[in-house]
Amino acid sequence: MDGEDIPDFSSLKEETAYWKELSLKYKQSFQEARDELVEFQEGSRELEAELEAQLVQAEQRNRDLQADNQRLKYEVEALKEKLEHQYAQSYKQVSVLEDDLSQTRAIKEQLHKYVRELEQANDDLERAKRATIVSLEDFEQRLNQAIERNAFLESELDEKESLLVSVQRLKDEARDLRQELAVRERQQEVTRKSAPSSPTLDCEKMDSAVQASLSLPATPVGKGTENTFPSPKAIPNGFGTSPLTPSARISALNIVGDLLRKVGALESKLAACRNFAKDQASRKSYISGNVNCGVLNGNGTKFSRSGHTSFFDKGAVNGFDPAPPPPDPGLGSSRPSSAPGMLPLSV
């Protein structure tokens, strides 16, 4: 209205009609504005009621959400505590498992070392077993040789016994011959003094007496000895068919000495064989005891191969008979404490 220019009126009627028309126009616009205002107020009231309802719903929803949020916070706190507890337990379990793993690895290493030691001990035992088998085979071979030698020596011992009987018989006969020879010599001296012209007759009588004494032995001889050794009548030197000469007596004494030396050599061989058999038996028991102890031992002890020393007859093994010791002049020859040719045998 202020901005509008008021036109110039020529008359009062025009001015009145103008202002009347303008008032009606403003009245109509006022009426429209009031209707719009009423309509706007009604719409705003409806909108306010709707917004209030929505606000109530939003507040209720907000309260519910806050309650849910608080509940979720509590749950989150509980889950955090539970997670921390689970993490602590898991850490403890992991640390325990790591310790167990380290201990298991250490035990595994120890078991590997123990297995290697057992393998080495097994190899040592196998080598010792092979060496023991070889030594046992050698021992069995030597034992068989010793048994054969022992059987041979037993046969020689039986022969020695028969020789001892014959030697004793020959000694008795030689003693009787010496006594009778002394008697004959005394008788010859007496006869020479009494009758020096008949020496041949006395010699013939003496030879006949010597032959008679030789035909009758002083000691009885067994049946087996009579079958083995010839009697004085069957000696081809002429003891039973011709007079006993001094050379024949000397040869008989030499035979007796040779027999005594053979008897001494046989006794020394027999003593060596008995010592060897005893030592080999003790050695065999010692070896079997060592083998059993080495197999049953669980701490890896090794088999000792230099713990026992025995003796064997070098002459028996090599087939060489050493020279016998000089015999005693009597019948019984002393048995040596250690036979010749004995050497230490290490196993």
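Using the three backbone atoms N, Cα and C, a Cβ is placed for every residue, glycine included.
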14-33, 114-133 - the one Swiss-Prot records as region 'Required for interaction with PAFAH1B1': 114-133
Secondary structure content of the region 'Interaction with DISC1' (241-280), with strand meaning DSSP E or B: 35 helix, 0 strand, 5 coil
Tally of residues which DSSP labels helix, strand or coil - the region 'Interaction with KATNB1' (64-189): 126 helix, 0 strand, 0 coil
